[in-house]
Amino acid sequence: MSDTEDLAALNDRLMAKNHALAEALSRAGKELTKAKSQLAQLAQPPLTFATMVKVDSTRTDEDGIQHASAEVISGTRRMVVPVASNVNAARLTAGATVMLNEKLVLVEQRDADTVGQIRSVKQVLDDGRLIVTDASGNPVLIRRSGALAYAGINQGDRIIVDPSVRLAIEALPAEGDKDLVLEETPDVTFADIGGLDSEIGRIRDAVQLPFQHRALFERYDLKPPKGVLLYGPPGNGKTMIAKAVANALCEGGYDTNGDGSISPAETHVKGVFLSVKGPELLNKYVGESERLIRLIFQRARERAADGNPVVVFIDEMDSLLRTRGSGVSSDVETTIVPQFLSELDGVESLDNVMVIGASNRVDMIDPAVLRPGRLDVKIRVGRPKTNQAIAIVDHYLTDDLPLEDGVDAHALSAVLVHDIYGTSERRHLCDVQEENGQWHALFLADVVSGAMLKNIVDRAKTRAVKESIETGLDVALTVPLLAAAVEDEYRETRDSMADVDPEQWSRINGMDPIRRIRTAE
């Protein structure tokens with residue numbers, strides 16, 4: 001190989017190396033630039049979050065450069081800071097989140113924070129400011145953010161406030177209170193209730209007549225009752241009656257004259273049923289229970305403003321309105337009862353609003369609640385007698401069920417009830433000693449309730465279903481099957497009597513005070 005060829009080959013190798021070195025140098029330059037960028041990012045000082053309050057000042061110089069300052073709150077510090085020239089001061093809104101650099105210059109605006117402390121609105125002032133309270137009832141005066149400047153905010157609404165509790169950032173729906181008050185139309189009708197014809201007649205007279213015959217009530221200058229109390233032992237239909245009343249009102253009717261003709265106004269009456277979860281109104285924070293009671297009646301007045309009847313149903317009323325000074329609770333009732341009474345017959349009228357309460361312990365309700373003019377009508381829903389029990393069982397034992405050949409449902413109901421109401425030793429639960437020291441026998445019939453009757457029928461049906469599964473055939477409901485269900489209920493009730501507190505048990509079940517219980521062997 002000649003020298004020329006050697007030189008050419010060397011030149012090619014050097015050019016290849018030079019090209020490789022150039023590429024390596026280019027890659028190194030890019031990596032160096034990337035590293036510098038990363039170092040610059042790591043060396044960038046942190047930005048501080050703050051809440052925008054208002055623009056403090058703004059002007060534009062002869063060169064068109066903006067010079068502005070803004071009032072912000074960072075943590076608990078209230079400051080006036082300069083605004084960067086590239087941030088449009090005219091677009092800064094109260095309540096928005098802004099960013100401050102290390103020199104406390106406002107360099108960026110972001111959307112308002114969607115999380116924060118929640119407060120309840122106690123009062124809306126004429127200038128739009130709000131008095132809000134925390135869970136302990138401590139009041140604070142705050143301003144609205146730009147997003148809430150023209151929002152309709154009412155007493156009792158919930159809002160999110162900024163960390164300094166100076167600005168209302170966002171309004172929230174009052175979902176917590178809606179959980180306590182259920183606005184519904186129950187599916188229970190009076191036809192679904194057996195054995196309570198007298199009680200149903202009384203409550204229909206008290207609740208339905210005033211709303212469906214308003215012209216007659218006005219003609220006789222008769223005002224409808226403000227409230228109805230359903231009381232008596234548990235499981236006998238108090239809540240079902242209230243639901244049936246609500247169903248009847250919600251279905252609506254026409255305001256009629258005395259002769260049954262529709263009044264000239266042809267007013268269509270359609271009611272609203274507000275079901276209040278009584279025990280859930282109790283709150284450990286002072287004033288919170290009273291606020292919830294005010295909200296309940298406020299909602300009732302709003303629904304009744306158009307002339308439609310509103311029923312406020314309070315179940316377990318004794319848990320909410322206990323006798324003041326009784327010493328059987330934490331004395332929270334000393335403020336709850338007056339608040340309830342002031343809503344019931346205070347300055348603001350309760351036209352078209354009726355309160356229906358249900359309780360197993362009427363002896364624990366404050367007497368001021370029970371006096372005439374408040375809960376005017378008091379209806380005792382007691383334990384069913386024999387004929388009433390048969391009417392109740394007839395609702396659950398019907399002819400469309402698989403029955404024993406040659407026996408109709410009503411006959412089975414009668415056999416079942418007579419077995420339950422027997423006073424032989426086989427239905428003897430226990431012996432009880434009254435306060436006068438006398439002992440007497442207690443039978444299953446003495447503690448029977450509508451709920452127990454339904455439970456016995458359900459036991460028999462469950463037995464029939466299980467036997468049908470085993471045999472593959474429809475097993476009929478027979479007298480022996482019903483008798484076995486009664487026996488099961490009797491044994492469970494008898495066994496439970498050994499563990500009850502005699503005094504409390506007798507009061508809850510509407511009996512005379514009992515000192516001791518001696519169970520049957």
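Just so it is clear, glycine is given a Cβ too, placed from its N, Cα and C backbone atoms.
According to Swiss-Prot, the protein has these features:
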type	residues	note
COILED	4-44	coiled coil
BINDING	GLY235, ASN236, GLY237, LYS238, THR239, MET240	ATP binding site
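Within 10 Å of the C-beta of THR239 (ATP binding site) there are 20 other C-beta atoms, taking all protein chains into account. Under DSSP, GLY237 (ATP binding site) is assigned to coil, being neither helix nor strand in the three-state scheme. Sparsest Cβ environment among the binding-site residues GLY235, GLY237 (other Cβ atoms counted within 10 Å): GLY235. The Cβ of ASN236 (ATP binding site) lies under 8 Å from the Cβ of VAL381, GLY382, ARG383, PRO384, SER449, GLY450, ALA451, each of these being in the same chain and 6 or more residues away along the sequence. Within 8 Å of the centroid of the Cβ atoms of GLY235, ASN236, GLY237, LYS238, THR239, MET240, where the record puts ATP, the same chain has further Cβ atoms from LEU230, GLY232, PRO234, ILE241, ALA358, VAL381, GLY450, ALA451. For LYS238 (ATP binding site), the same-chain residues lying six or more positions away in sequence with a CB closer than 8 A to its CB are LEU230, TYR231, GLY232, ALA358, VAL381.
Mean per-residue pLDDT, taken over the coiled coil (4-44), amounts to 80. Sequence-distant neighbours of MET240 (ATP binding site) (same chain, six or more apart, CB under 8 Å from its CB) are VAL188, ASP192, ILE193, listed in sequence order.
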